[in-house]
Each structure stands twice: as structure tokens, then as C-alpha cells.
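Chemist: According to Swiss-Prot, the record shows the following:
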{"type": "REGION", "residues": "2-30", "note": "region 'Required to release iHOPS from membranes'"}
{"type": "TRANSMEM", "residues": "11-31", "note": "transmembrane segment"}
{"type": "REGION", "residues": "34-101", "note": "region 'Disordered'"}
{"type": "COMPBIAS", "residues": "40-50", "note": "compositional bias 'Pro residues'"}
{"type": "MOD_RES", "residues": "71", "note": "phosphothreonine"}
{"type": "MOD_RES", "residues": "73", "note": "phosphoserine"}
{"type": "MOD_RES", "residues": "92", "note": "phosphothreonine"}
{"type": "MOD_RES", "residues": "98", "note": "phosphoserine"}
{"type": "DOMAIN", "residues": "103-176", "note": "domain 'Ubiquitin-like'"}
{"type": "MOD_RES", "residues": "127", "note": "phosphoserine"}
{"type": "TRANSMEM", "residues": "195-215", "note": "transmembrane segment"}
{"type": "TRANSMEM", "residues": "221-241", "note": "transmembrane segment"}
């Protein structure tokens, strides 16, 4: 059953919504017009034309004061602006770093020959080796007061070397690093599968199989075959004895 006879409910709802929107729009327009029509209030701080005499009187009184006189407010501001005298000691600027001088090092070899080298405190042990022994830095060992200088990244300044100090230098003849020795009681393992160690057990197994066939099937083995088998057995026994002899 429809709300209005002859008119669908959808049309009725649409016109109702449009009517509500129209009423709201008219109400908003009327409110905006009423707010825009109100006169702006005049600020209270703005001087009115009726007060020129008071302003002129105040200006004349300020001009009549002595030029050297200061108001209490200005005097207070001047005192606040003056810096307070410091009571502590004045900070002295840090002295500039003294320039570093190069180190003079005496490299002493095993044959009592010496070589003078100059280096900076920030240079490392590795850079000293590369400079004095180019291409042989891996073969050079430096010793200072019985201590091996093995850390190539250590700087010379961290060692606190005195002037004209002596560094004992040992030059090795080997190019590569030596292989670490095997601990006692241990032997190096085989690098891979050794076929020679398996050949002799296979031959022994084959020899046992032939002797088994010779005993079980004697008619098939003539005298020459038996003698050949015996000679092969003797040869294989001598070979096994030579290989496994302590």
C-alpha cells in the first residue's frame, strides 16, 4: 500500500528529502546574513578625537625633562644589560700541539751491519717494513728489547721508542710461511683413496678362490696349472711381505 494514492513511495521519499534540504539551506542563509549585518565593535584602546589635549600634555612633560635624566625603568634595563664581573680564573686557550719530529731508527742485522731508517710516529710496523724492505716485508722480523714486533698494524708512537734506538732485524730466506709441525703421535692422513692399498687384498682374495677351485675341481686343473698357481702364490706372498714389513 503506497503512502499517496497514485504516487510511488520512491517519489514521495525523494521529494521529502529535497524539501528537508531546502529548509536547511534557507535556515543557513538567513543565519549567515544576520551575522554579517552586525557592526564591528570599536576597540577600546583606540584613542578618540576627544583626547588630543591629554596626549599633547604628556608629550610636553616628557620634552620638559632634563636630557641627562633617566627614568627608573631605563636605568634598571641598563644595569641588567651590563655583564657581571667574572669571579673565576680566565680560561687560557690550549697550547698548540708541538710539531712531531721523525724518528731515527737503527736497524741492526745478524751480521752486525746497521741501516739507518727515518719514520714518523704515526707510521706502522708494516709500513716501515714496506719502506725499508720493498717486496720482502713478509720475510722480515723486527725485534725490540727481546720482543717480536709481529703486529704490523701497531704504530711506532705506541712503542715509545727513544731517539736512535736499535731494532734487531732478521731476514728469513724462506718465501712462504712454514707449515705447522704435526703433533707427536699423529700422522698425516691420506689425501685420497689409495688404489695400491686395495690391490693386494684383492689379489689375495682371488688367490684363495683359485685354490678353492683347484681343491674342489681337481680334474679341471692339470699339473702345469697347479704349478703356475703355486708360483703365483709364492710371488704374491713375497710381495705382501715386502709391503707390510715393519
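Just so it is clear, glycine is given a Cβ too, placed from its N, Cα and C backbone atoms.
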Chemist: Tally the residues of the domain 'Ubiquitin-like' (103-176) by DSSP class, grouping H, G and I as helix, E and B as strand, and everything else as coil.
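Modeler: Once the DSSP states are binned, the domain 'Ubiquitin-like' (103-176) shows 14 helix, 28 strand, 32 coil.
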Chemist: The transmembrane segment (195-215): which same-chain residues, six or more beyond its ends, come within Cβ distance under 8 Å?
Modeler: 221, 225-226, 229, 232-233, 236, 239-240, 243
Chemist: Just jot down the residues in the same chain as residue 127 (phosphoserine), at least 6 apart in sequence, with C-beta under 8 A of its C-beta; none if empty.
Modeler: 119
